[in-house]
Amino acid sequence: MATLWYNARIAAPRGILADGYLLVDGTGVIREIGQSANGKVASSEATETRDLNGKLVLPGLIDVHVHGGGGFDTMRGAYDDLDGMSRFHAENGTTSFLATLTTADPDVLESVLAVTAKATKAGVSGAELLGAHLEGPFLNAIRAGAQSKAHIANPDPSLTERFLKASDGSMRLVTLAPELPGGLAAASRFAAAGVTVSAGHTDATFEEMEAAVRHGVTHMTHHFNGMRPLHHREPGAVGAGLLLPSLTIELIADGIHTHPEVVRMAFMTKPISRICMITDAVMCAGLPDGEYGDSVMENGRIYSKDRTTLAGSSLTMIAALRNTIAFTGLPIWRVLPAFTAVPARQIGAQARKGTLEAGKDADFIVVDDQCELWMTIVRGQVVVNRETEG
């Protein structure tokens, strides 16, 4: 069984394909992508056809830093929460994600990692769960933000091994502060295990970040937030992320964590191939304003209850895409890799994800000219269809 998606403008690696088509086989893999008159080139192979009426087809958005949403929370350590957040974020343009853990007691982290590993293998019903992002506990208390200071710890080899074992190969990304005692050794160990290592919640100097890069750090967690800021006498972690060519920086384009002009500055400073857009969304994303556990949401802004620090975001990936276009003034095709190909590469998923090409998973979204979401397709399956909902 194959499905032909046709009469679309498709964001392919080589540019926008007008009157484009995708032929997707029964396993959810793209068999063919190209241009034709109403898909006639490939229609004889298809058992089903879908006319997209000239809408724009984009590679599915990939969120490597998301804690929850729609009332669901990674840290509850339950399959139902991971499944629920996968559905919520699919409704907002995400086709794959990393369930992101926050600092907690090591026993709790082990348990959540184990549940996430099982859910990754079993599969969820919305956006595809690609594994775990462990944000903590090896963070710098000076830059803790909303992370639990009571459970922050210096990197410890035995804990590192426990976390790697519990994740059973599903940990794709880890955030740590490389300047801490044992930080460089931990970075090297995680990198050797195939985990992408990110500097975050860090007070590292520029020179300490250079050392971190030599020990396997390739990523920066929610750049500008939770790190030593840029100073003209000491560029700090912020300066390192902007200047060191091997570092890819995460950005939260909500206009709250980063000012719109700062987002624009980042896109002018870093190659787009080194920018990875994220949501950092938490459980209450998509819910009404109110108090949720240790956090409070007011007008979409999420704070700790004492309002001393931001505590995640209510952002979605489709909103982040619209915001990034507005903040930077760049066209959609220019910013798109930061939502697709770059996150896929950063977590080693580029063979299956990130671009629309033959042989890759049929993960894509259908949007209109205002970048409003119409459909989300995950591995060839329609998981969101606003045309039928309305």
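A Cβ is built for glycine as well, from the same backbone N, Cα and C atoms used for every other residue.
Predicted automatically and left uncurated, TrEMBL annotations should be read as such.
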>> Among H222, H223, H231, which residue does TrEMBL annotate as binding Zn(2+) at the site that also has E135, H201?
In response: H222
>> The substrate site in TrEMBL lists A146, N225, G226, R233, L310, A311, G312. Which one of H133, H215, H257, H259 belongs there according to the record?
In response: H257
> In this predicted model, what is the average pLDDT of the domain 'Amidohydrolase-related' (56-383)?
Replying inline: 98
> When the Cα-Cα distance from D280 (active site, proton donor/acceptor) is computed for each of the binding-site residues N225, R233, H257, G312, which gives the smallest value?
Replying inline: G312
> Other than E135, H201, H222, which residues of the chain come within 8 Å of the Zn(2+) site, judged by Cβ distance to the Cβ centroid of those residues?
Replying inline: H65, G136, L139, G145, Q147, T175, S198, G200, T221, N225, G226
> Of the binding-site residues N225, G226, L310, A311, G312, which sits closest to H201 (Zn(2+) binding site) by Cα distance?
Replying inline: G226
> What is the total of other Cβ atoms whose distance to the Cβ of G312 (substrate binding site) is within 10 Å?
Replying inline: 29
